[in-house]
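Record features (TrEMBL):
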- B:Cys79: active site, nucleophile (ACT_SITE)
- B:His185: active site (ACT_SITE)
- B:Glu187: active site (ACT_SITE)
- B:4-198: domain 'Glutamine amidotransferase' (DOMAIN)
Amino acid sequence: MLTKRIIPCLDVKEGRVVKGIQFVELRDAGDPVELARAYDQQGADELVFLDISASHEGRKTMVDVVQGVAAELAIPFTVGGGINALEDMKRILRAGADKVSLNTAAVLRPELIREGAEYFGTQCIVVAIDAKWDEEAGTWRVYTHGGRKPTERLVLDWVKEAESLGAGEILLTSMDRDGEKSGFNVELTKAVSEAVNIPVIASGGAGGSEDFTEIFTDGKADAALAASIFHYEETSVKEVKAHLRNEGVNVR
Amino acid sequence: MIGIVDYGMGNLFSVSKALERIGVPYIISDKKEQLEKTDGLILPGVGAFRDAMKLLDETNLSDFIKEQAHAGKPILGICLGMQLLFDESEENGVFSGLGLLKGKAVKFSGESNGERYKVPHMGWNKLKFHQDSPLTADVEADHVYFVHSYYVSGEESDALIASSDYYEEVPAVVGKGNVFGMQFHPEKSGDLGMALLKNYTQYVQNTEVEV
């Protein structure tokens, strides 16, 4: 049977990983390729690179990073951040990434999802969503611009629209939980996973290996993503998987 | 020397890098004259079946691949490249494939016993070996990385080398004579994927064909 995936996320700025300085066994923890290799060895199923470069130069550097990772690694990886047009997708996917992740740009112009899916196939297009509970609406709202801007869109509508436009996967971040380390947002993830027929990656809130069981069982997530708990070695991919195996969750 | 067939729809970069890692010389080409000189072919592929066959037909590569396969040259189709080896596909209509293997690509229904399931089949799934093959020599059945919405059905039982279970029996490694296919991405499947690719290149090396 298909296994549940554990996906470390790396923030890359001007070609350097900006978290992960506490990865002690590495000679250069800022080197995306080296960090990627370390995660691969721990048993990561996939990787996500988020380009948080502000400059044009930094964006260009990301292409080199993608090529370096693709040359070294035999596991799939996704690149997000700064992908606003079909040209950006071509640049990143031709450099060797397996998928691109679209966030704000897709909300501003949903046709971008269709363009990408038609050109590269739906399996290459991940739609990332920053979701926050809206008390008044009684449901979750989509935020853009790194979670700074609320939009008119509601999460459960947007995921369906994204799927129909050709999204191959949803990367769902709970802003309510992000950075809290109190566990993933089970309710949100379950609602989204049941609303669409494509895989859902849960993100935001992982505090330790025990948080992963619930998001796969009750939350119906197909994959779970975490950044800081892996970077700061609060736990490892290996540890998380050992825990999940013990709890009867099928992992690689 | 391996010839990676470049017809405009493959993830050529990952496949070529994987060959570099295992130290196997290769060329990437869309020219018959060049591909003809190689000892074995790899047919990669990502995207839609119809578009891929159209490109192969337009470039006359489909006839070339058939000729080479019939003459005994080893050929390995990966992901969509594997599906292209079969008779036909039901992806967005019914379209003929290369017809080197019997069977057709059909879509995952997305429903099993009244329960919905996710399509594409995306992620790491375990292989189950059905028979011996040079491709699976000295490797243990473990997990490999799949991304696909269509799977091969109606294959001949002696062509099924390995399968995975995703609500259906999903042919994962197929092969008959010198024609092979992998539904998953060996170039993205960690150590096991690399071992399977290496086995193919070893098979190519051991098969001397004058084509």
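Heads up, the Cβ atoms here are built off N, Cα and C, so glycines get one too.
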Statement: Here the 10 Å Cβ neighbour count for B:Cys79 (active site, nucleophile) comes out at 26
Field: Nearest-integer angstrom distance between the alpha carbons (Cα) of B:Glu187 (active site) and B:Cys79 (active site, nucleophile)
entry: 11
- line: In the three-state DSSP scheme, B:Glu187 (active site) belongs to helix
Task: Quick one: pull the CA-CA distance for B:Cys79 (active site, nucleophile) versus B:His185 (active site), whole Å only.
output: 6
Query: Tell me, by DSSP, whether the residue listed as 'active site, nucleophile' is helix, strand or coil?
result: coil
